[in-house]
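Participant: One structure coming up, written as structure tokens, with questions to follow.
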Amino acid sequence: MMSSLSVEGMLLKSARESCLPARVNQRRNGDLRRLNHHRQSSFVRCLTPARVSRPELRSSGLTPPRAVLNPVSPPVTTAKKRVFTFGKGRSEGNRDMKSLLGGKGANLAEMSSIGLSVPPGLTISTEACEEYQQNGKSLPPGLWDEISEGLDYVQKEMSASLGDPSKPLPLSVRSGAAISMPGMMDTVLNLGLNDEVVAGLAGKSGARFAYDSYRRFLDMFGNVVMGIPHSLFDEKLEQMKAEKGIHLDTDLTAADLKDLVEKYKNVYVEAKGEKFPTDPKKQLELAVNAVFDSWDSPRANKYRSINQITGLKGTAVNIQSMVFGNMGNTSGTGVLFTRNPSTGEKKLYGEFLINAQGEDVVAGIRTPEDLGTMETCMPDAYKELVENCEILEGHYKDMMDIEFTVQENRLWMLQCRTGKRTGKGAVRIAVDMVNEWLIDTRTAIKRVETQHLDQLLHPQFEDPSAYKSHVVATGLPASPGAAVGQVCFSAEDAETWHAQGKSAILVRTETSPEDVGGMHAAAGILTARGGMTSHAAVVARGWGKCCVSGCADIRVNDDMKIFTIGDRVIKEGDWLSLNGTTGEVILGKQLLAPPAMSNDLEIFMSWADQARRLKVMANADTPNDALTARNNGAQGIGLCRTEHMFFASDERIKAVRKMIMAVTPEQRKVALDLLLPYQRSDFEGIFRAMDGLPVTIRLLDPPLHEFLPEGDLEHIVNELAVDTGMSADEIYSKIENLSEVNPMLGFRGCRLGISYPELTEMQVRAIFQAAVSMTNQGVTVIPEIMVPLVGTPQELRHQISVIRGVAANVFAEMGVTLEYKVGTMIEIPRAALIAEEIGKEADFFSFGTNDLTQMTFGYSRDDVGKFLQIYLAQGILQHDPFEVIDQKGVGQLIKMATEKGRAANPNLKVGICGEHGGEPSSVAFFDGVGLDYVSCSPFRVPIARLAAAQVIV
């Protein structure tokens, strides 16, 4: 092949070598064996326009090649191609083809292309999966022929054949969607074995290895393809170990394993009424079908729902020649991250098992050893692994999750993908990689997910030293953070308890992908088996869920719903605390403390703030809330709900009730005079906390009945009689007058202030007295008064008149004049429709998206739970509209009102103050329609800041 390139091949030698990765060039002289098969593919890539342009070649004095490429690698048209091969330094795909090849397939192709040792294989595309689903869950026409053609390539590369006892070719069959879904879809290893093939394999590689591989295949194929519970195979294994008096699988002899194979084959007959299929080609077809089927499995669907993964065509299928980590003490398998996924520390973080296969580590079947043990027992393979990690991290410019196998001291790379990480890890990795000049700040902003920040805002233990006497066990610190909850033993119970508002600690011997719903619902996860890279650990870290894994001291009894630690018994419902940072298991409920911003997070958030256009405010009702908001980076208060201040003490609520029960304006004014100093004091505290930043104060909004006592009517009357000094008859009459059929659409918002102007007057007087008082103390106060529930311009005009009159009086009395704004909440659809009229009166609009959603859909927030889950399950709604803004309906009202309002008033400030202001996809929409700010709860402020930046980058 190379001779056909002759002259141009010699001329382009320097260009070819310059295209090799830097680390590969460094290793060239020391490892020619690994580079020989790499050179041809590197040569082809160097001639590809995407890699080296023609102008670059001309500038070097070299002539661009022409038809010379055809003998090396024929052009590939991917329009209808469904099977792509890779391995031995060449591939038909690359990392940019994730949507077609899935993440695993695209990265296998890429690793092959950059010269790493990847076992040859083929990838069946995600489009083929989509066709499979559309074809009644059967392989579409022609696909099997394409698979067979790809298999021929693998057989030629490996000089072996599927099903040939003299030259056996065991295969792995793995799933791989475009977005990583750890453990959610299926894998089959050692495919192609039967009695004849395993005998041939035994002759070549030893009987113990061959029959160990065979029993693993029978177990995995039976579970994944035939639907036989793994526990039925595990029972046979545990029974045999008990009979032999051994504890480890590795202590079983070849004869033991051969006997175990027969027991496993009997499981097929007992469980399914049919024998294990011995035809390797049939095994492959069934395995491909099973992987395609796993795309639509309940656990995969639930994982996609939890993580809001949509728009994917399906999973790819990766069929790859097997390499074996279970061929004795010179073999092994491992999983690693190029940096610590929990902390972000720049240090290899992983685990390794000698004489084992990959699923033993990933599935948590055996608790592995630290990666450092590999350096001692396999130094050459370890050195090469470290070099490969440097190559991959430099190539992808990200922290990578890598699976590898060592077969008789030779390293093979089985998978690489962008590594899942905790919030803490994500931020540190992003900051470090910017400092290392690997990425720029805009890339860093894209690398950290909003969910990562959510994790960082979770509490930690208040005083770890205080609970040391209650630590009963220590496992592996698989996912950091603190969790406190009641012990439960099934995923179903965890989901049920979560729905009931209970905090659950899910305790399992080991988690499986079927547990994904319960893992998401639980406050924390504790497992007896599994390492730092087990299913439980990887999934928990991705969600920021506290997890302690591999806690060997605990014994879990699911049937009795208990677990034991020595003589101690912990029952279902007992309180337990977990420290995912240290791995400690602690009895009882331990106190939690709010989180604090790290230096890395402050640096990262400063980049986000520089990038974003949208301002981020906070909804805060007390001075403490305001201080928290400011510490979290809020640029002001977008919603201060005055009514929340009324519940701060018994004296305040009693004064409110006197105001509500008042019969005459004079009585009402007496009660309001009692409330004024309370409101003024709170406003002073908020203005002080927000020195130099705007504070938007909403006038009283909720229906008055919300301030009355709860309980039966007699209790309410008695309590009000004590609070107000009124007679029972007077109170009964007043309560009857306050009663409403639909209070949320009744006597509330600006309707209160118009009916009782003295109510608006009291609140506004308190606001401006506090503003002037703080100004006199050197605080810069920027007050904004918001009138709620406006549906007509006349309503707003009325309240503005009252507000401006009170402001003028206060300024005259106190001798100070301040600038201020008066605006309104747009929460009634009619207000959005006539926004140009309202905009003429207002200084600002703030969309109250909670009520606007309620009134636009006609859904009562208090009752929507009765049918919302049904709507979501049936696809009638894609999201809860009270969490994610409805862009087609409510969103269009917001867009229209913004445009109309600004047409009437070009200086109109526009924002939103519903909880949608902290939801990332909603923030992106608000930025797109040109709002000036969003306002959300104090703890969601960093999330909104990042979401607003990610829209820009």
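Yeah, the Cβs are placed from backbone N, Cα and C, and that goes for glycine too.
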Participant: Out of ARG641, ARG751, ARG765, which does Swiss-Prot tie to the same substrate site as ARG698, GLU827, GLY848, THR849, ASN850, ASP851?
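Facilitator: Site partner of ARG698, GLU827, GLY848, THR849, ASN850, ASP851 for substrate, according to Swiss-Prot: ARG641.
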Participant: Scan 55-74, 155-174, 295-314, 435-454 against Swiss-Prot and say which stretch is down as region 'Disordered'.
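Facilitator: Of 55-74, 155-174, 295-314, 435-454, Swiss-Prot gives region 'Disordered' for 55-74.
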Participant: For the binding-site residues THR849, ASN850, work out the Cβ neighbour count at 10 Å and name the residue with the minimum.
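Facilitator: ASN850, out of the binding-site residues THR849, ASN850, has the fewest neighbouring Cβ atoms within 10 Å.
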Participant: Quick check on the binding-site residues GLU827, ASP851: which one has the highest count of other Cβ atoms within 10 Å of its Cβ?
Facilitator: GLU827
Participant: In this structure, which of the binding-site residues ARG641, ARG698 has the fewest other Cβ atoms within 10 Å of its Cβ?
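Facilitator: Fewest other Cβ atoms within 10 Å, among the binding-site residues ARG641, ARG698, is found for ARG641.
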Participant: State the count of C-beta atoms found within 10 angstroms of the C-beta of GLY848 (substrate binding site), not counting that atom itself.
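Facilitator: GLY848 (substrate binding site): 25 neighbouring Cβ atoms within 10 Å.
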Participant: With substrate as the bound species and ARG641, ARG698, GLU827, GLY848, THR849, ASN850, ASP851 as its recorded binding residues, calculate the greatest Cα-Cα distance and give it in Å as a whole number.
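Facilitator: Of all Cα pairs among the recorded substrate binders, the widest measures 15 Å.
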Participant: Work out the three-state DSSP category of GLY848 (substrate binding site).
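Facilitator: SS state of GLY848 (substrate binding site) = coil.
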Participant: Taking 8 Å from the centroid of the Cβ atoms of ARG641, ARG698, GLU827, GLY848, THR849, ASN850, ASP851 as the cut-off, which other residues in that chain fall inside it around the substrate site?
Facilitator: LEU639, ASP701, PRO788, MET825, SER846, PHE847, LEU852, CYS913, GLY914
